[in-house]
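Here the structure is laid out as C-alpha cells; the discussion comes afterwards.
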Amino acid sequence: MSTATSKVMRVALRGDSILTHPRFNKGTGFSTAERKAFGLTGRLPFCVNTLEEQCVRAYDQLLVREEPIRKNSFLQSLKDQNWVLYYGLLTRHLKELIPIIYTPTQADAIANYSHLFRRSEGMYLTFPNEETMERDFLEQTKGRDIQLFVVSDAEAILGIGDQGVGGIGIATAKSAIYTLLAGIDPSKAVSVTLDVGTDNQGLLNDPLYVGWPNKRIRGAAYDRFVDKFVQLVRKHHPHSLLHFEDFGIGNAKRLLDLYHDKHAVFNDDIQGTGAVTLAALTSAVGVTKSKLSDQRIVVYGAGTAGLGITRQLRDGIMAIDRLSEADANKKFFLLDRFGLIKQSLGSSKIRPDVREFVRPDAEWADASANERGEVGLLEVVKKVKPTVLVGCSTQAGAFTEEVVKEMAKHTERPIIFPLSNPSRLVEVHPSDANDWTGGKALLATGSPFPPCKQPNGKEYVIAECNNALIYPGLGYGAMITQASIMTDTMIIAGARRLASLSPALKDPDNALLPDFSEAKHVNFEVAVAVAEQAITEGSAGVEWRKEDIREKIRENMWIPEYAKFVYDERGEK
Ligand SMILES: NC(=O)C1=CN([C@@H]2O[C@H](COP(=O)(O)OP(=O)(O)OC[C@H]3O[C@@H](n4cnc5c(N)ncnc54)[C@H](O)[C@@H]3O)[C@@H](O)[C@H]2O)C=CC1
Ligand SMILES: CC(=O)C(=O)O
Ligand SMILES: [Mg+2]
C-alpha cells in the first residue's frame, strides 16, 4: 500500500473483491479511470470524492453517535471497510478519537466482544486446534512480509482482567496505534489472540460467547501452545517484532525472559509502561530540580506493570545517575494486596520476581500493622515520606485524601502517577490530587483526563502516561533496523528521547509529557533513538549510517493516502 503520495500500485482484484477488501477499497474515492479498469463503474454512485471529503462525511456520521461505545463500533466498521479512510479520519482527529479506539472505550468493546461481534479481525489460534496451528498460521501469513505480530492471551486486559477471546480487541487496538502513530503498514502487521480458554465465569455462562468455552489452560500445555506459536513466528518471519500484550502476571515476565534473547520480543505492559514512566519521572525531577536517584518511590500494585515500572526506573537510575543495582533497588517500596512487600510476608506471598525489592523487617519494626502484620499504604507513606507515588493496582480511589495529604506534608512537589486503566479505575482522580495538594502535585495518569484548575486560576494539563506514547516508536525502531533482539539499552534510549521532548522542560507548569496530539512526532523521534542505539550496539540487522536513519524511517512510513491503482493480474491481492 501507499508509503507516499502519488504512489502507483498494481492490483489484481476486480469488482466486489476490491470493494470489500479494506486494504484496497477506496469507496467513492476510486477515480473514473480506476472505476473503468476495475469493473466498478456500475457499482458506485457517480461522484468521485477526495479522501478529505470522505473524512468529512465519515466524521459527520461518527458525531451522530453520542455514546463512546457506539462511536467505537462505527469506527470498527469503517476499519473493516477501508483502511485509508479509517486511518485518515483518525489522523485528522487524533486526540479526540484515540480514547474511542483505545483506552478507555476499547475496554468496554472488549468486555462486550461476543455481543458486539460482527466480523472477525486478526488471527484466532485456539487451544483445541493446536494440531493445525501451523496451517492456520500460514493461511494468513504465507507469502506476506510481516513486520509485526501483536499477541495477547487476554488474561489481564487493561485493568478489566480475563476477557477470553475478546482479547483480540486489545491486539487489534495496539496494532492500529502502531499504524497511526509510527506508520507501520497495516498489511504488514498481524493481531493474534491465543484462545486458551477463560476463567471469567460470566463469559463461560454466556450463551453468546464466541470463544472456546473452557477453563483456562495452564502449566505445561499452555507453555507448549505458546511456544508453538512463537516458533512459527521465528521460523517464518525471523525479522519481525513480536509484541506481547496483557498476558497475566504468572506469564508476562516469564515469557519475556524465556524469549528475549531469541527473537525481537517486547512486552508492552512491562517495557512500554516502564519506559513511558521513566520519561515522565525524568521530566518531573527536572521540574523539582532533583535527580532520579534522590527519589523515594512507592509503587502501589506490584503486578506486571508495577514491576515493569520499578525495574525500568531502577535501570534508569543506574544508567543515568550511575548508582549500583543494590543502591538503586533501595529507592523502591512496593505494595501489593498484602500491603508492603517485606520479608516477613514469607515466600507464599512474595513472588520470586519481586525478591530484589523486598524490604527488611527491621526497617518496619515500629510501623503500625494490621492483625496479619500487613503494613498499608498510609503507614508506608508516613514512614517513607515518598517523593513519588505510582499506582498500577486497578484499585479505584486507593490514593485517598489522607494518603495524598500525608505525602504532601513531607514533599514540596509530590509526584503522583495513578496509572490504572480504564479511567474509572484510577487510584486518584487527578483533580482531587490537585486540590488536596493545593496545586503542588506533579501528575500523570494512564487514561486521558481533563486539565485541573490551579489555585492561581491557571490550568494544569495532566500528562497521559500511557505506553502508547512510546511503544509504537520503540517497536518501529527495532523493526526498521531488523533488530535481532530488543535490548534494555534500546528501550532506555527511547525513554530518554521522549523525556527530552517534555513540555515541562520549557516551563515547569506545563504537562510532564507531550500531548497525545503530538504522538506521531514523539514516536518518530523515539523510533530514531531506538534505531540509532540498535546500530550503535550491533543488534541491528541492517548496515545503515546513523545520519541516514531519519530519512530511512520517513521513507518507510505508511501514510493514509490513496495510491493510484493500475490493474495487473500479477499485482497485489
Ligand atoms: N498506563 C499504562 O500505560 C498502563 C497501565 N496499566 C494498568 O495498570 C493496571 C495493572 O495492570 P497489570 O500490572 O497488567 O495487572 P496485574 O494484575 O499484573 O497487576 C495488578 C496488581 O495489583 C495488585 N493489587 C490488587 N489489589 C490490590 C490492593 N488492594 N492493593 C495493592 N495492590 C493490589 C495485584 O495483586 C497485582 O499484583 C491496570 O489497570 C492496567 O490497565 C497497565 C499497563 C500499562
Ligand atoms: C495501556 C495498557 O497497556 C494497559 O492498560 O494494559
Ligand atoms: Mg496492556
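Note that Cβ sites are derived from N, Cα and C of the backbone, with glycine treated the same way.
The Cβ of Tyr102 (active site, proton donor) lies under 8 Å from the Cβ of Ala173, Ala176, Ile177, Ala468, each on the same chain and at least six residues away in sequence. Residues or ranges marked as active site, proton donor by TrEMBL: Tyr102.
Feature annotation from TrEMBL assigns active site, proton acceptor to Lys174. Sequence-distant contacts (6 or more apart, same chain, Cβ under 8 Å) of Lys174 (active site, proton acceptor) comprise Val150, Ser191, His243, Glu245, Asp268, Ala468, Tyr471.
The DSSP secondary structure for Glu245 (divalent metal cation binding site) is coil. Sequence annotations record features per position, and here TrEMBL assigns divalent metal cation binding site to Glu245, Asp246, Asp269.
Feature annotation from TrEMBL assigns (S)-malate binding site to Asn421, Asn466. In sequence order, Thr103, Pro104, Ala107, Leu158, Gly159, Gly446, Ser447, Asn466 make up the list of same-chain residues 6 or more apart from Asn421 ((S)-malate binding site) whose Cβ falls under 8 Å from its Cβ.
Feature annotation from TrEMBL assigns domain 'Malic enzyme N-terminal' to 79-260.
Per-residue pLDDT, averaged along the domain 'Malic enzyme NAD-binding' (270-535), amounts to 96 for this model. The domain 'Malic enzyme NAD-binding' feature in TrEMBL is assigned to 270-535.
Its Cβ placed at the centre, Asp269 (divalent metal cation binding site) has 27 other Cβ atoms within 10 Å. Taking the Cβ of Asp246 (divalent metal cation binding site) as reference, residues of its chain lying under 8 Å away and at least six apart in sequence are, in sequence order, Ser152, Asp153, Ala154, Glu155, Ala156, Ile157, Leu158, Gly167, Ile170, Asp269.
According to its DSSP assignment, Tyr102 (active site, proton donor) is coil.
Other residues of the chain with a Cβ within 8 Å of the Cβ centroid of Glu245, Asp246, Asp269, the divalent metal cation site, are Ser152, Ala156, Ile157, Ile170, Lys174, Phe244, Phe247, Ala252, Asn267, Asp268, Thr304. Glu245 (divalent metal cation binding site) is surrounded by 28 other CB atoms, counting those within 10 A of its CB over all protein chains shown. Ligand 1 lies within reach of Asp269, Asn421 from the binding-site residues Glu245, Asp269, Asn421, judged by a C-beta closer than 6 angstroms to any of its atoms.
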